[in-house]
Amino acid sequence: MTLDFSPTQLRAYFVCGSQDVGDRDLVAVVESALQAGITAFQFRDKGSSRLTGLERRQLGQRLHQLCAAYRVPFIVDDDVALALALHADGIHVGQSDQQIQQVLDQVRGKMFVGLSCSTPAEVEAANQLAGIAYLGSGPVFPTTSKSDADPVIGLRGLATLVSLSRRPVVAIGGIATTQLAAVVGTGARGSAVISLLAQSDNMVATVQKMLAVTIA
Ligand code: TZP
Ligand code: MG
């Protein structure tokens, strides 16, 4: 069974892969984030620590099962074949990933689609496409979690993209607890974070802060 998209799922959106957790077990990290109350999880496995083939699929399956137990959407970054094989709830793609129209055609009726947009032109193009559930916008602040990140857009850039978008926007990139309120103040529906949660020493407190600032 797949979960439908709802904008409230963007409130405390955790993005993570093996590369983000060092020596720790990714499944254990994700489980503690689920227990703490995250509202969405994106499996974004990149770089040299990335598993391949059957191992990658089994890890994805395990993470999907965990998310399903908490009724939290399991979203796969980039990999349409993996998302389809795992019956993921959603797929997230960037501007340089597989062409968005192709992705929409491949997954229509099966899962929801999120798209990264970091410029007004990208948001305006996304507005013309049917079937996109939400936009991910950033990096809002400098990030150390993505080596090929687009230029930083800042809170003003985020506010501009939010005002142009016909879809709910989740902010991403370098978001710390001190910026959560300002991020949501732009009209973004929540924050998507890697390091804030992957490196948190108190997952419950951090997720509570993410949930507390968000307009209901
Ligand atoms: N896309 C834009 S910035 C980013 C991604 C995946 C990395 C976000 O990680 P962090 O640690 O929350 O800055
Ligand atoms: Mg991508």
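Quick reminder: no glycine exception, Cβ is built from N, Cα and C everywhere.
Residues or ranges marked as domain 'Thiamine phosphate synthase/TenI' in TrEMBL: 13-195.
Long-range Cβ contacts of Phe43 (4-amino-2-methyl-5-(diphosphooxymethyl)pyrimidine binding site) within its own chain (separation 6+, distance under 8 Å): Cys16, Gly17, Gly60, Leu63, Phe74, Ile75, Val76, Asp77. Under the heading 4-amino-2-methyl-5-(diphosphooxymethyl)pyrimidine binding site, TrEMBL lists Gln42, Phe43, Arg44, Asp45, Lys46, Asp77, Ser116, Lys146.
Secondary structure from DSSP puts Asp78 (Mg(2+) binding site) in coil. As annotated by TrEMBL, Mg(2+) binding site applies to Asp78, Asp97.
Neighbour counts of Cβ atoms within 10 Å were compared for the binding-site residues Arg44, Lys46, and the top value is held by Arg44. Under 8 Å, Cβ to Cβ, and six or more positions away along its own chain, Asp97 (Mg(2+) binding site) finds Asp78, Val103. Here 4-amino-2-methyl-5-(diphosphooxymethyl)pyrimidine is bound by Gln42, Phe43, Arg44, Asp45, Lys46, Asp77, Ser116, Lys146 per the record. The longest Cα to Cα distance in that group is 17 Å. Contact annotation for binding-site residues (Gln42, Phe43, Asp45, Asp78, Asp97, Lys146) versus ligand 1: Lys146, each with CB under 6 Å from a ligand atom. With a CB cut-off of under 6 A applied against ligand 2, the binding-site residues Gln42, Phe43, Asp45, Lys46, Asp78, Asp97 are reduced to Asp78, Asp97.
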